[in-house]
Amino acid sequence: MDIKLEFGGGAELLFDNQKQYKITLENKKTPWLIGDLLFWMKDNLLKDRPELFLQNDSVRPGILVLVNDTDWELMDTVRYEIKPNDSILFISTLHGG
Amino acid sequence: MCEETIATLIKDIKSLKEQIREKEQLLAAHLKVQSNVPCKYSEALQTNEIARYSRQMLVDEVGLAGQISLKASKVLIVGAGGLGCPAAVYLAGAGVGQITIVDYDEVELSNLHRQILHSEDDVGASKVHSAYDKLHSLNRSIQIIPLKMHVNSASISQLMSDNSYDVVIDGSDNVATRYLLNDACVLNKMPLVSGSALQTEAQLTVYNYNNGPCYRCLFPVPPPPDTVKSCGDGGVLGPVPGVIGCLQALETIKILTKSDGVLAGRFLLFDGSTSRFRTATLRPRSPECAVCGHHPTVKELQDYEQFCGAGAHDKVVSIDILRSVDHINPQQLEKVLEDSLVVDVRDQAQYRMCHLPKTVNIPYGEILKAEGAKKFSDCLEAAGKREVYFLCRRGNDSQRALDHLKQVFSGSNVNFFNVKGGLEAYSHNVDADFPIY
């Protein structure tokens, strides 16, 4: 299954400073949930300091997750079942002004 | 002699400006009484108001009713910086009746590329007074209230109990103030137009409006302090907060004129590097929210610096993690440059901007990794030195780098030292030609 991962607001710094990744998730017996994807990302993409991205099986406070431009809170968060061609954006909130 | 003349002139101009400001405030008060005569051809506005605001009154979203609302409105802008400046310009231009602008900082040269109300002559003056001067000259018929004060729970509680604001604009630069303004707006039932910017990216939304979420609904827990970057460290392109500040003014005008389409329950992301805007749909107000939920636990303003584990400002706090014998003063640096290895641990962009001669650059971020430590030992070997001095912008990261490498190379015969206060102290105490940025 091909999906797109996007990063912004500084979250890209944890992923080799790359704002977009096109990735392929191998078929598995159970559906791919975002919770599974987070661990996949930790194992395959995260360069260092995973605690700056993950905390207690979810993203750390201050990161907003958008699935096809919709807040993941409206999509059952880590339990959302990923569909082909989904675009999942991890955005770190900014505080400067 | 020349420097003395310059200093006197600067002082005189400052004092004259102060006098002009006082006289203008007096004049404005008199004019206000005199000009409160309605136009005999209009039900509500004066002749010059109709001419001045005609271009926006011709737009359906505003019209006569909208203009009357704007005139009767009170807006609080927190932060006279990269967001607050453009927001204030457009709101003053639009004829918002009362604009209060709060900031404690003074204008610095490094503000001018984005904080468009301040000019070279204002450097050193308080931001709110500089803002007042420009806004007042743009529109003398509205009330501009400059407040030079620290924004904290006590001052905001007082301000909001004394005044009823129709909209609050968050143009602040730190997490603690963002939570404080959110809670204050929820407790006082005011919409919060929140913008933020860093480097080439910016974000915008309206909290606590029309059953949309508040900041805490989205972010119940503050981010870990070491994940937060300020404009002073990360940098920011001027037009990026400029774009968002303009949009904050637009959202404010829409709220004040009761227009549809306010950006509540939605989150706008702007990436200036690709010129892309995108808008995401947000969750609704959360029933479990600690401040706006059904059973709130936050019923009055708290200590937000404690809650966030970070100060309510974007300045860097000095650390001291070494023993005093490990430090040298920047004044001693010149003597050691010849016979030792001096490692500047700032990132590459900063090093390229300005650096001391005969130093090598190994960024702190690299030093923490194996390849950085390797680079360090290669440098050490090539230089054939046993004394190593660490240097950075303010003397914090150099201590961290030293501490880390001392552990990695424990047992070696190398002596490690930190340059106390970093390049800022060097500029202050040794050579003012080294730029402070």
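Residue numbering: from 1, along the chain as shown.
Every residue, even glycine, has its Cβ placed from backbone N, Cα and C.
Averaged across the coiled coil (B:6-33), pLDDT for the predicted model comes to 84. The coiled coil annotation in TrEMBL covers B:6-33.
Counting every protein chain shown, 29 other Cβ atoms lie within 10 Å of the Cβ of B:ASP173 (ATP binding site). Residues or ranges marked as ATP binding site by TrEMBL: B:GLY82, B:ASP103, B:SER110, B:ASN111, B:LEU112, B:HIS113, B:ARG114, B:LYS127, B:ASP173, B:ASN174.
Sequence-distant contacts of B:CYS289 (Zn(2+) binding site), defined as residues of its own chain at least six apart whose C-beta falls under 8 angstroms from its C-beta, comprise B:PRO213, B:CYS214, B:ARG216, B:CYS217, B:PRO220, B:PRO296. B:CYS289 (Zn(2+) binding site) falls outside any helix or strand according to DSSP and counts as coil. Annotated Zn(2+) binding site per TrEMBL: B:CYS214, B:CYS217, B:CYS289, B:CYS292, in sequence order.
Residues or ranges marked as active site, glycyl thioester intermediate in TrEMBL: B:CYS231. Look at B:CYS231 (active site, glycyl thioester intermediate): DSSP puts it in a helix. Counting only same-chain residues six or more apart in sequence, the Cβ atoms lying under 8 angstroms from the Cβ of B:CYS231 (active site, glycyl thioester intermediate) belong to B:GLY82, B:ASP173, B:ALA197, B:LEU198, B:ASP314.
Taken from TrEMBL, the feature domain 'Rhodanese' applies to B:336-435.
Counting only residues at least six positions away in the same chain, the Cβ atoms of B:ASP344, B:VAL345, B:ARG346, B:TYR364, B:SER398, B:ALA401, B:GLY422, B:LEU423 sit under 8 Å from the Cβ of B:CYS392 (active site, cysteine persulfide intermediate). Per TrEMBL, the feature active site, cysteine persulfide intermediate maps to B:CYS392.
Taking only the Cα positions, the spacing between B:LEU112 (ATP binding site) and B:CYS292 (Zn(2+) binding site) is 38 angstrom. With B:GLY82, B:ASP103, B:SER110, B:ASN111, B:LEU112, B:HIS113, B:ARG114, B:LYS127, B:ASP173, B:ASN174 listed as the residues that bind ATP, the site has a largest C-alpha separation of 20 Å. Within 8 A of the CB centroid of the Zn(2+) site residues B:CYS214, B:CYS217, B:CYS289, B:CYS292, the other residues of that chain are B:VAL186, B:TYR207, B:ASN208, B:PRO213, B:TYR215, B:ARG216, B:ARG285, B:SER286, B:ALA290, B:VAL291, B:GLY293. The Cβ of B:SER110 (ATP binding site) lies under 8 Å from the Cβ of B:GLY232, B:TYR437, each of which sits 6+ residues away along the same chain.
Long-range C-beta contacts of B:ARG114 (ATP binding site), restricted to its own chain and to partners at least six residues apart, with a cutoff below 8 Å, comprise B:GLY81, B:GLY82, B:CYS85, B:VAL236, B:LEU237, B:GLY238, B:PRO239, B:VAL240, B:PRO241, B:GLY242.
Chain A lies within reach of B:GLY82, taking the binding-site residues B:GLY82, B:SER110, B:CYS292 and requiring a CB-CB distance under 8 A. Fewest other C-beta atoms within 10 Å: among the binding-site residues B:LEU112, B:CYS214, B:CYS217, B:CYS292, that description fits B:LEU112.
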